[in-house]
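Working notes, structure below.
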Protein chains: 4
Amino acid sequence: MLSSQELVQFRRDLHSYPETGWCEFVTTFKVVQKLRSFGIEPKFGRQIINPEFVAGRNEKAVEAAQKAALDKGVSAEFLEQMGGYTGVLATIETGRPGPVLAVRFDMDCVDVQEALEAGHRPFDEGWASTNPGHMHSCGHDGHTTMGIGLCSWLVENKDKLCGTIKVLFQPAEEGVRGARPVAESGVLDDADYFFGNHLGFNLPTGTISPEPGLFLASTKLDAEFVGLAAHSGADPHKGKNALLAAATATLAVHGIIRPVQETTALNVGTLHAGQGRNVVAPNAFMQLEVRGETEEVNSYMREEAIRKIKASADMYDCEVKIVKAGEATEFKPDRKAIDLVYEAAIPVVGEEMIKKMDLKLGSEDCTILLRRVQQRGGVGTFIIFGCETKAGHHQRLFDFDERVLDIAVSFYKNLVPMICGFK
Amino acid sequence: MLSSQELVQFRRDLHSYPETGWCEFVTTFKVVQKLRSFGIEPKFGRQIINPEFVAGRNEKAVEAAQKAALDKGVSAEFLEQMGGYTGVLATIETGRPGPVLAVRFDMDCVDVQEALEAGHRPFDEGWASTNPGHMHSCGHDGHTTMGIGLCSWLVENKDKLCGTIKVLFQPAEEGVRGARPVAESGVLDDADYFFGNHLGFNLPTGTISPEPGLFLASTKLDAEFVGLAAHSGADPHKGKNALLAAATATLAVHGIIRPVQETTALNVGTLHAGQGRNVVAPNAFMQLEVRGETEEVNSYMREEAIRKIKASADMYDCEVKIVKAGEATEFKPDRKAIDLVYEAAIPVVGEEMIKKMDLKLGSEDCTILLRRVQQRGGVGTFIIFGCETKAGHHQRLFDFDERVLDIAVSFYKNLVPMICGFK
Amino acid sequence: MLSSQELVQFRRDLHSYPETGWCEFVTTFKVVQKLRSFGIEPKFGRQIINPEFVAGRNEKAVEAAQKAALDKGVSAEFLEQMGGYTGVLATIETGRPGPVLAVRFDMDCVDVQEALEAGHRPFDEGWASTNPGHMHSCGHDGHTTMGIGLCSWLVENKDKLCGTIKVLFQPAEEGVRGARPVAESGVLDDADYFFGNHLGFNLPTGTISPEPGLFLASTKLDAEFVGLAAHSGADPHKGKNALLAAATATLAVHGIIRPVQETTALNVGTLHAGQGRNVVAPNAFMQLEVRGETEEVNSYMREEAIRKIKASADMYDCEVKIVKAGEATEFKPDRKAIDLVYEAAIPVVGEEMIKKMDLKLGSEDCTILLRRVQQRGGVGTFIIFGCETKAGHHQRLFDFDERVLDIAVSFYKNLVPMICGFK
Amino acid sequence: MLSSQELVQFRRDLHSYPETGWCEFVTTFKVVQKLRSFGIEPKFGRQIINPEFVAGRNEKAVEAAQKAALDKGVSAEFLEQMGGYTGVLATIETGRPGPVLAVRFDMDCVDVQEALEAGHRPFDEGWASTNPGHMHSCGHDGHTTMGIGLCSWLVENKDKLCGTIKVLFQPAEEGVRGARPVAESGVLDDADYFFGNHLGFNLPTGTISPEPGLFLASTKLDAEFVGLAAHSGADPHKGKNALLAAATATLAVHGIIRPVQETTALNVGTLHAGQGRNVVAPNAFMQLEVRGETEEVNSYMREEAIRKIKASADMYDCEVKIVKAGEATEFKPDRKAIDLVYEAAIPVVGEEMIKKMDLKLGSEDCTILLRRVQQRGGVGTFIIFGCETKAGHHQRLFDFDERVLDIAVSFYKNLVPMICGFK
């Protein structure tokens with residue numbers, strides 16, 4: 001089993017080359033290599049992704065990432081085996097009948113430029129991001145490392161276990177894009193138990209939260225308006241103004257009438273439109289998201305957003321194409337799974353370090369995997385591993401207390417035998 | 001033939017009881033009585049109106065005006081003969097073959113409260129409006145009087161004339177509502193020559209303008225939005241917000257992309273919406289208008305307005321009913337008619353008092369009648385009789401120099417024989 | 001003490017002549033008369049209202065209501081004593097030292113036309129509203145009756161009590177207008193205990209809820225925009241368009257960025273603007289409200305609304321006057337008071353009929369009175385008396401199960417001695 | 001004097017390396033070299049530009065253009081002499097007293113990618129643009145060539161002339177940016193006569209229009225909004241949404257109330273805002289323009305646009321910086337100058353090929369230079385040299401009939417002696 005030092009080293013290696021969602025070619029390669037070093041032959045890439053459900057994938061970025069992967073030493077053969085997709089699933093078969101337990105870790109980074117300045121530990125110590133504009137500022141490098149740590153333990157201890165343990169390294173969690181195509185690949189359909197986790201969240205190192213609160217269901221949408229250019233000083237009325245359509249849509253989406261009794265959120269985050277100052281803008285592209293406390297409320301928000309975008313396009317005689325770019329569902333953990341977490345956590349951190357949280361924000365596509373498992377009779381939940389951070393999630397100065405790596409692995413060392421123990 | 005004094009007296013009588021468009025029951029009665037006193041039996045009301053094309057008619061106001069007319073001494077029998085509609089057509093048949101000449105005067109007032117204060121002549125002399133909220137502040141009382149003066153002369157001089165002279169007293173010019181249903185009744189379809197006129201327009205008394213410039217084609221629209229009420233503190237998202245739809249429509253209409261090379265205008269003039277502060281507004285009613293230098297440009301403006309109103313309703317899942325409440329077309333006078341006006345005007349006011357104007361504003365539904373006549377081979381134009389006014393048109397202190405009445409009648413005394421002279 | 005039948009009779013009398021907020025002249029008169037019949041001489045009108053804090057008062061409606069009161073037999077002298085204001089405070093002094101207990105009932109109606117149709121009991125039995133456009137469709141007639149019932153009991157039982165009991169009949173609860181000026185009059189400043197209540201709320205008759213959940217803090221605002229008229233077909237750019245300013249404000253207010261973690265609500269409920277189709281609208285009037293789970297969040301919403309309204313006026317070079325038309329604060333009941341309610345309710349309805357509710361909607365200006373009492377060291381809460389209704393609150397078919405009157409009085413008969421019992 | 005063939009060759013050379021406004025380093029170099037070959041030592045760059053009035057200059061593009069100029073063989077020394085600015089002024093002093101005549105030609109290209117496809121003559125013949133994204137698709141390569149042709153004739157004929165002839169090669173006409181800083185440098189302040197010209201405009205080759213009609217005064221504006229980022233799923237209300245501010249401004253600018261009687265135009269052409277889907281957008285940048293038939297109307301439009309942009313920023317508590325990025329004024333030619341053009345044109349193309357036009361669109365910053373000359377007592381106008389084009393101005397398939405080069409030079413050969421003839 002990997003030592004604390006080895007875990008830290010692996011995490012820092014990941015940190016030094018972060019990759020954005022759907023572009024985790026080098027990361028996938030590193031995980032597969034490491035698993036193979038343990039004697040595990042995992043599934044990866046296209047084998048665990050249903051392409052039909054892939055959303056929010058930038059083909060140009062994917063292509064560039066593949067080229068960069070070649071430069072970083074990933075073989076063309078391996079890339080071909082990936083089939084253009086990232087992510088890894090390690091399956092540890094004990095050979096004994098028993099339940100299927102799945103644990104999910106995510107592996108993508110955020111599109112933020114890491115602080116390359118003195119005082120920021122990754123920079124000072126030489127393991128800051130070398131991929132400009134990309135940074136592991138959400139801690140997924142830590143998550144992936146926890147998964148590797150867990151696998152190293154599983155391999156050495158599978159004699160004492162029964163059933164099957166699946167360790168998923170999921171791509172593209174940011175933007176809640178990766179879970180759906182993994183779910184739809186069916187690779188977790190036999191899971192009886194399912195757990196996901198996140199580190200940080202303003203809890204001190206050493207705390208574990210078996211009940212984080214509420215994640216919001218969410219839908220991410222891209223809207224592309226197509227109008228018609230015209231000279232604004234000569235015959236602007238012959239154009240179709242996509243910028244006005246998009247500006248109208250932006251305001252209308254922000255004016256959606258909100259339910260009073262349920263939590264909701266929305267944002268039009270980006271808008272890019274137009275070709276020149278004196279040209280009626282024939283093009284506009286906007287990225288937005290809606291969220292809701294329940295799937296039902298999120299659907300209301302999504303359908304209202306779509307209604308308003310379409311009407312805005314009609315208003316200016318433009319065409320509009322609306323594409324889903326990501327999704328998460330509401331978080332409905334099972335009591336049975338929560339109780340297991342409590343039980344497994346106490347020996348690791350002590351009762352007083354176990355915190356029930358009351359989050360009511362953010363979204364996690366782990367909810368999509370959990371729902372899939374639940375729909376087939378399984379149970380599961382989501383765990384927060386508290387740890388101090390140097391700055392908030394997604395900030396350029398983010399760094400986390402690496403002691404959390406050991407804590408998480410220890411937790412899973414307790415949890416796994418509770419489910420797949422061989423008696 | 002009526003003397004100057006008699007003309008002034010008739011005008012002031014009209015002024016003291018002004019009636020708004022489609023409500024000119026008393027005015028119609030007075031005109032018919034006066035014509036009968038000349039021995040003319042005119043057509044009136046339903047006989048000269050095609051109800052299918054009536055727009056912008058407030059049924060409640062019409063009903064109230066009919067009741068008021070009974071109080072003012074109009075007989076129930078006469079009201080019944082009117083068939084619910086106002087307006088008069090006096091036809092003077094000379095009995096001799098010759099052209100058909102039609103002249104149009106309008107008879108409705110404006111929805112303005114006349115100044116009832118010292119210094120305002122109609123008030124000082126006791127002939128100010130006795131119909132609250134209504135005032136002849138556009139001079140149509142003068143126009144009607146000119147028509148009466150012309151008829152009094154025609155009756156006495158028809159031996160020297162040939163052909164037919166039709167004098168139209170048109171209802172509901174304000175809001176450009178009355179011309180279309182008169183045109184569609186067909187009563188002017190045989191006209192070879194057609195003239196309309198207006199007094200005032202910032203020209204000194206004694207001037208005549210045979211070429212006023214440009215009137216804008218225009219469409220008046222009413223839009224009624226229907227949504228669904230809901231309690232805004234409990235479940236606002238169950239409502240359908242007609243106020244938001246109408247506010248969106250208002251801004252969108254005002255944002256219509258305007259042609260650069262043609263004159264246009266638009267206005268959302270009124271908006272009334274909602275039932276209470278804490279109720280999602282289920283209702284909204286807006287009145288708007290568009291204008292354009294040509295019929296084509298006006299149509300563009302109208303269709304864009306309709307597109308935007310409909311899309312706004314869709315945006316909030318509301319229904320909307322859009323109704324045409326009035327219309328005027330572009331002004332295309334005939335050179336032949338203009339030349340006749342020049343010729344007839346010179347002896348009346350002298351060459352130096354004849355002014356070519358360059359108006360590029362306002363709308364006149366006389367254009368609808370002119371177009372009808374032109375479509376059947378006739379010619380025509382529109383004349384401005386300059387006269388000083390105490391305040392701008394539609395103002396509460398409006399009053400005009402009554403010498404214009406004689407000038408206009410004298411002009412027509414010159415014009416008629418040039419067309420229908422018996423040689 | 002009044003019998004059940006007498007209570008019902010009093011309630012139906014109130015129901016037959018409902019009066020809107022700040023107009024409860026007849027209602028005040030009836031309450032005072034009844035109290036005097038018990039031997040109580042209450043304070044009323046101007047004596048319990050601080051006019052400086054009166055909001056949302058329509059002076060024309062108040063004047064008309066006073067005239068109608070004269071017609072209904074209220075003496076001119078009594079009206080003069082009221083000083084233009086409504087509301088009653090009955091103070092029962094026991095003459096023995098002890099705590100001050102205050103209970104509040106509201107007395108105004110809703111601006112809804114009652115269903116005057118067969119099948120609606122008040123109509124069938126002849127006690128439906130005779131005040132057109134006004135209806136006790138929220139049950140305040142019941143509340144006032146409960147207060148009268150309580151007073152009738154207090155008078156007969158004050159020998160067994162100590163301290164002081166104040167029974168407040170508050171005007172203008174709808175629109176959350178009346179509480180603030182009563183609070184600011186200081187008449188409840190010595191209260192040690194304070195209770196308010198409401199009937200209905202979808203709970204069965206016989207239930208009592210000592211913990212209703214959340215009422216939202218709320219601010220009601222009126223915004224009046226003043227622009228400048230201009231002729232839309234001639235020189236619209238010389239006007240200042242108040243309708244566009246108000247439409248912009250409407251959409252901007254509905255687009256206020258909402259906190260994710262706290263409950264909020266908002267509504268622009270009415271908008272009336274403009275003078276005519278072809279006039280640039282120089283006037284616009286809008287009524288709106290914001291709400292928030294806490295006073296802090298409500299303040300955020302209010303300040304954002306004000307910012308957006310002011311910027312909208314600036315955008316069109318208009319003036320705007322924003323006036324507060326009502327307010328409620330967040331609901332922060334005291335555990336001590338809640339416990340007393342539990343204790344007093346059990347003997348009346350039995351433990352199984354006591355329901356903790358989780359409302360998260362609506363606003364109650366009773367919160368303003370409660371806050372005032374708490375700021376001076378008192379405690380209090382708000383109670384729901386469940387009762388079946390024929391239609392939702394504020395609906396034209398609303399009617400309630402009158403058994404609730406007895407239940408409420410019985411409850412207070414238990415509660416009062418727990419606080420002011422003379423031992 | 002240059003032959004037709006030499007003119008064509010020079011034009012094609014310019015065409016093959018087009019440079020956008022403020023970036024005409026290679027073009028300036030070519031013009032200076034050519035003038036030097038005639039024996040003229042012109043002023044250029046910083047010598048004829050007042051930097052204080054430079055607008056719409058992209059410093060990054062200027063830097064890149066200077067680097068590219070070095071690659072194209074422009075010496076570092078020459079670049080240094082330019083002082084960072086482009087444009088050339090050739091002054092031909094006759095040595096004899098007489099009037100100062102100035103003629104202006106523009107030299108920048110449009111930001112359009114030229115069609116690199118068979119059938120497009122410049123491509124087929126190998127002189128299409130080699131500067132990607134840039135193209136002489138407005139004919140300024142032709143204008144510059146005309147100026148060179150004129151200079152070559154002046155040098156050879158200055159013995160027959162008196163006074164001074166100034167030939168200006170103006171940078172940055174597109175976006176109406178270059179005229180103001182040239183005007184403010186004062187180099188044309190002594191001009192008694194001033195002429196500018198444009199080729200094309202849908203007139204056949206061989207026509208000359210001494211009276212093109214109306215150019216619109218125009219102001220170009222950039223608006224940069226600065227807000228504050230926040231996480232849209234956690235605490236969006238802590239952000240300041242620059243995207244909503246800019247969308248509001250876009251719609252409000254398009255809703256500016258337009259005068260009815262004067263021609264106006266406006267356009268928000270581009271909008272770029274936001275950093276990510278789930279981030280409250282802290283940034284927005286928009287480019288817009290307004291136009292008006294007169295300087296007064298254009299000022300109204302500009303001030304209204306600024307008012308609306310500022311109010312939109314206030315509405316969302318954002319900062320906004322509004323910068324002027326270009327300007328043109330109304331076109332007020334002098335009768336004396338127009339008559340000279342008629343007189344000079346007739347011998348060149350014949351009376352029947354001289355066309356009075358009635359344009360009412362577009363803007364030309366030549367109006368800024370003309371106004372400067374007029375303010376100091378000079379006269380001038382603007383001439384259209386008709387010529388067939390393969391596609392509309394600013395289109396990727398634009399090409400023009402090169403015979404217009406000779407026609408223009410011939411015209412000036414007639415015009416110059418009419419003003420500066422040595423008698």
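Just so you know, glycine gets a Cβ as well, placed from its N, Cα and C.
Automatic prediction, not curation, is the source of TrEMBL annotations.
The record from TrEMBL ties D:Cys138, D:His140, D:Glu174, D:His394 to Mn(2+), and of the options D:His120, D:His198 it ties D:His198 to that site too. Most other Cβ atoms within 10 A: among the binding-site residues D:His140, D:His198, D:His394, that distinction falls to D:His140. Across the domain 'Peptidase M20 dimerisation' (D:224-307), the DSSP tally of helix, strand and coil residues reads 29 helix, 27 strand, 28 coil. What surrounds the Mn(2+) site, by Cβ distance within 8 Å of the Cβ centroid and not counting D:Cys138, D:His140, D:Glu174, D:His198, D:His394, is the set D:Asp106, D:Asp108, D:Cys109, D:Val110, D:His136, D:Ser137, D:Gly139, D:Glu173, D:His393 from the same chain.
Secondary structure at D:His198 (Mn(2+) binding site), taken from DSSP and collapsed to helix, strand or coil, is strand.
When pLDDT values are averaged over the domain 'Peptidase M20 dimerisation' (D:224-307), the model yields 96.
The binding-site residues in question are D:Cys138, D:Glu174, and the one with the fewest Cβ neighbours inside 10 Å is D:Glu174. Using a CB-CB cutoff of under 8 Å against chain B, none of the binding-site residues from D:Cys138, D:His140, D:Glu174, D:His198, D:His394 qualifies.
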